[in-house]
Structure formats: structure tokens, C-alpha cells
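Feature annotation from Swiss-Prot assigns NADP(+) binding site to R48, R54. Per Swiss-Prot, the feature FMN binding site maps to R125, S126, S127, N238, A239, G278, K293, P294, T295, S296, S297, R319; the stated evidence is sequence analysis.
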Amino acid sequence: MAGNTIGQLFRVTTFGESHGLALGCIVDGVPPGIPLTEADLQHDLDRRRPGTSRYTTQRREPDQVKILSGVFEGVTTGTSIGLLIENTDQRSQDYSAIKDVFRPGHADYTYEQKYGLRDYRGGGRSSARETAMRVAAGAIAKKYLAEKFGIEIRGCLTQMGDIPLEIKDWSQVEQNPFFCPDPDKIDALDELMRALKKEGDSIGAKVTVVASGVPAGLGEPVFDRLDADIAHALMSINAVKGVEIGDGFDVVALRGSQNRDEITKDGFQSNHAGGILGGISSGQQIIAHMALKPTSSITVPGRTINRFGEEVEMITKGRHDPCVGIRAVPIAEAMLAIVLMDHLLRQRAQNADVKTHIPRW
């Protein structure tokens, strides 16, 4: 299976399955001399891990990360960093009934078509369990970006179902189980989740991720545009069906006189572009949004077929998230951090000596 690696200079390769012995990743390209401990990675892993609230899957995984290599006496050595998380709460028997059945809306059918077989236990490699390693690797990138460049990356839920959420107060995001920046909507979200659990159904969501303090000049002009790489990274997250940069699809209704981000001696007057112009960062906040579909792992009966082509009725058993968008927030932060760190290292490698007299704000 190819496609397990992201990045050029900062490279992250993950491995493992939902019900395997462990998950792991190799992180290449981390500069030497950076203070790094397992505790630095654990905070974001705890934000993502299952079983932390009644609104997410009740699979209880401690997600304790182990640093296997690349760190000596508390600092990075510049060599490959190996990370490992053991799986401890698998219930593979929950999936025995779907051994020969394709769950509608899942990767069961496509994996079988591609490989001729599949690991049916929790989706195997296609499970969002894999994203734990992305979060661990992303925590390294977030630490480097914050300490070396003052870059802050934050994410939040900005819509669940038909409930829009305004970014009113970033300080509230970590104070509720929804990563919600709009405290006035917490009760509505709680009511929706209770209804979904009662119905055995699920709902989609929108997640917004913002990077502040990103210097101008990151990104390449054509195929490796910064926004293209961000979109690629976010689209690689399980259940993501759409990505927007800045105003995204809303620009369709704007005129050029409205959409252009005018510049004065005091800086940009707007940020419809989401901090990226011509595939290169402008120095403004980088803003991206991603839409996540409602999970198909629900107890509402649905039609499908088995491996023998016979039509059957499907009811998903096991422990699942009614809204996968909730735990996707730290994953989105991690993927944005991975892309930004990769492009910072690439910019430093090629253009470290470039000096301009153009104002920067």
C-alpha cells in the first residue's frame, strides 16, 4: 500500500490498523536540538482520543505515546523519530457479523475491490484510529512552529448539522466537549447529540482551523501551492468531503471589487483569500475549513450487499461517534501544522538569503 507518507523535508509516515497491536509513525526532518518529551505530544493526543466524553465513541484507549528513537537526553538528534501507540481496547468480535458484508458509506467495498481482501475489524487501515499518529507527529510540528516562529494553530467546530457556530471566544473551545467557540450554542449541540443517540443516527460537521503568525513567502507557485498542500492534507482525513481556503465557495457570489484583499500602508484590509495568494502565504492568518460527512456507522437499518452479491439489511454494531467532526479538530490542527512545517523547512533551504524591502505586517 503506497500513500502512507506526507511531506518532503518534514516527512510523516504512519502505519497500523484499528484493531492491530499498535499504531506507529516515523517522523523525518525534525531539526536537531529541539527539547521534546512524550508529554509534549500527549496533550493533543488526549484531546483527540476516544472515550473522553459521552458524545464520542466509548472505545477507551489511553493513547499513551512512546518515543522510540530520535530523541536523546530530552532533545531531538536530527535523526528519524519513531513513535508508537499500543491498541488496548479492541473488541474485534463486534465486527464478526460484517466479515462478508460491505457497510454502506464505508471503505469496505472499495478496499475489497482494490486489494481483493480487507481487514473488517473496525475498518482496519481505513479507520480514523490511524489519525492518532498524525496528531502525535503534528504535535512535534506545532511545538517547533510555536517556539521558533511564534506560529499558533487553533481549530474549532463551526457547524454541526444545521447549527452554525460563530467564532466568538477562542478561550471557550477547550472548555466544552464540542470544541465549540460559541458558548450560546452548547445546549443546542447537546440536545442534537442526545436526539441522534436516541435515533441511532449521525450528523455531519464543519471544522475551521486557523494559523496565526505565519510569515509571508511559504509555498510554491504551481503544483506545490501552499493552499493545494493544505487541501490535500485536510482531504486525507477520514470522512472529509470538502475543503475551503478563506471564503472558499462563498467567493462565487462576490464581485472582484469585494473579493480582492486591498492593501494600504497599514496592511491588508480584508482576508477573503485565507492568507494565501498565488499559492504563497501572505503573512495574514491562514484560514481553512473542512466538511465532514455523517458517519455511516449507525444502528438505523440500511441496504447493502455481501461478498457474494446478495442483498442484505445492515445494522452497524460497535462503538462509534454520532458526529465525527468533534474529534476531528485536533486532527485538522495537526495536518495544518505538518504542512506549514514542511514548507518552512523548504523555504529555509532554498530562500534563506532572500531579503526584500516590501513591508510585512
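The backbone N, Cα and C atoms fix where each Cβ goes, glycine too.
K293 (FMN binding site) sits 18 Å from R48 (NADP(+) binding site), taking the CA atoms of both as reference points.
Here the binding-site residues are R48, R125, K293, and the one with the most other Cβ atoms within 10 Å of its Cβ is R48. If you take the Cα of A239 (FMN binding site) and the Cα of R48 (NADP(+) binding site), they are about 15 angstrom apart, rounded to a whole number. In terms of local Cβ density within 10 Å, T295 ranks first among the binding-site residues S127, T295, S297. For A239 (FMN binding site), the number of other Cβ atoms no farther than 10 Å from its own Cβ, over all displayed protein chains, is 19.
Of the recorded residues, R48 (NADP(+) binding site) and R125 (FMN binding site) place their C-alpha atoms 18 Å from one another.
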